[in-house]
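**Student:** Below is a structure I'd like to ask you about.
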Amino acid sequence: MAAAAAGAASAELVIGWCIFGLLLLAILAFCWIYVRKYQSQRESEVVSTITAIFSLAIALITSALLPVDIFLVSYMKNQNGTFKDWANGNVSRQIEDTVLYGYYTLYSVILFCVFFWIPFVYFYYEEKDDDDTGKCTQVKMALKYTLGFVVICALLLLVGAFVPLNLPDNKNSTEWEKVKFLFEELGSSHGLAALSFSISSLTLVGMLAAIIYTAYGMSALPLNLIKGTRNAAYERLENTEDIEEVEQHIQTIKSKSKDGRPLPARDRRALKQFEERLRTLRKRERRLEFIENSWWTKFCGALRPLKIIWGIFFIFVALLFVISLFLSNLDKALHSAGIDSGFIIFGANLSNPLNMLLPLLQTVFPLDYILITIIIMYFIFTSMAGIRNIGIWFFWIRLYKIRRGRTRPQALLFLCMILLLIVLHTSYMIYSLAPQYVMYGSQNYLIESNMTYNDHRGNSSLSVPKRCDADAPEDQCTVTRTYLFLHKFWFFSAAYYFGNWAFLGVFIVGFIVSCCKGKKSVLERVDEDDSDLSDDEPSLYSV
């Protein structure tokens, strides 16, 4: 009997982890295609490419653990609310520990990438731009700058290991007892607290990146698909008129020196500016002519109705997310245990569409896997749309532009770092969208129901299944490791709560801005620093 139970437990684990393995292969393929799509063909470097692919893949693999975690805790129980024969206390704890060790490993690798490997590779290529430095000097300088990131990581680990987690003792309600139980359930070791604090700090940075890029991208992506780009022939006509106008200005300035007199300093500066402007316009002319006559333009024109349909679909998806997030946050504001608990909520008093949909899909395996994968990919694509539209800035200084097929190695590392942090935040975002699903999955537990019969005297007690919630006994429902990891520190949960309101605000502002903006150019912006690039690059198309 024991052997059969162990075999059943192993089978359930194999199912969950096999799907995780398939997701792993799909993630690696996606990251390779994605990075190769944006990296510069002239400046591509093997180390930066591998680093970008690996760091983005690690983040996506970590997010893929979420449905595995939910799948495993849900499969411990039958739909009638009873535990399966093999799911005794030791086996269930072993399954939970398997997921927890997976998180330990992946989160440790993420810390290594964020605080050592990515900064080292970035500074190495920054030093490589200086032709006078040798390999050893580049490595030494890169290590010197990277040391600052290592110190920050060490400080986060130290603070996380010893930061007090004591909740106020002046709360005696049942909900506060449950909050304390959740904080203590994951464990109290200093190593776990240090890792959780460091990852939560990175997730907080990812939340800021999501507010800036993802919230804007959720509105910009669908509206850009619907509006499309400007007509290449019309743009070329406008560009020709601009060339003629600039040539007239140049001719007017040069005519002042026909009699041999030198031009004043102001006219020389103006002449230089007009000549640079003329070079840029002629580059645009050549590229517009190439695009106007290309088969790709005709193919994109044929796909125009499909793009409009996709744009409308993405708007509905964005509205679904926004409505779900608003209702979830409103529920926390009205029914949570308060800011001192990180706005933890038990159960869903205000139902939202995704929180109702995901538990239903989980009953038809693997539909919930598919939906969560779609949600994560949607966040990736909308974040990318936001980054492409806004660029990478340091306060008011624009550091890099992200362009298809023309992104420098340093910009590519920055891009993957931002996406890594945003993907880290998606776990909490999915919890915000579907808190009940992330906490318990599709678990049920048994409650006693009294029934009165008319044909004889007396009452009868009947056990009926009920969806797991805060009212369930502690030994009847298993909380996911993801949920516990997200709520190890209450002050981070409180910050995420306020960040969700900021996310909604930026989405509304971004939607208004995107509606007011006109159509994008058929070309990516052509600048003076593009002179070393081919005039006939298909990567210039704005899709």
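Every residue, even glycine, has its Cβ placed from backbone N, Cα and C.
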**Student:** State the residue range annotated as motif 'YERL motif' by Swiss-Prot; the candidates are 62-65, 234-237, 330-333, 434-437.
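**Tutor:** It is 234-237 that Swiss-Prot annotates as motif 'YERL motif'.
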**Student:** So, Leu360 and Ser514, same side of the membrane or not, per Swiss-Prot?
**Tutor:** no
**Student:** Using Cβ atoms and a strict cutoff of less than 8 Å, what residues sit near the transmembrane segment (53-73) while being 6 or more residues removed from its termini?
**Tutor:** 12-13, 15-17, 19-20, 23-24, 27-28, 30-32, 34-35, 95-96, 98-99, 102-103, 106-107, 109-110, 113-114, 117-118, 362, 365, 368-369, 372-373, 376, 416-417, 419-420, 423-424, 426-427, 430, 437-438, 440-441, 443, 478-482
**Student:** Asn80 (N-linked glycosylation site) to Asn349 (N-linked glycosylation site): how many Å between their Cα atoms?
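**Tutor:** If we compare the Cα positions of Asn80 (N-linked glycosylation site) and Asn349 (N-linked glycosylation site), the gap is 23 Å.
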**Student:** For the recorded positions Asn80, Thr240, Asn349, which one has the sparsest Cβ surroundings, going by other Cβ atoms within 10 Å?
**Tutor:** Asn80
**Student:** Tally Cβ pairs under 8 Å between the transmembrane segment (411-431) and each listed stretch (103-123, 191-211, 367-387), then give the stretch with the top tally.
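**Tutor:** Result: 191-211.
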**Student:** Do we see three or more Cβ pairs under 8 Å linking the transmembrane segment (308-328) and the transmembrane segment (103-123), pairs being at least 6 apart in sequence?
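**Tutor:** The transmembrane segment (103-123) and the transmembrane segment (308-328): touching, no.
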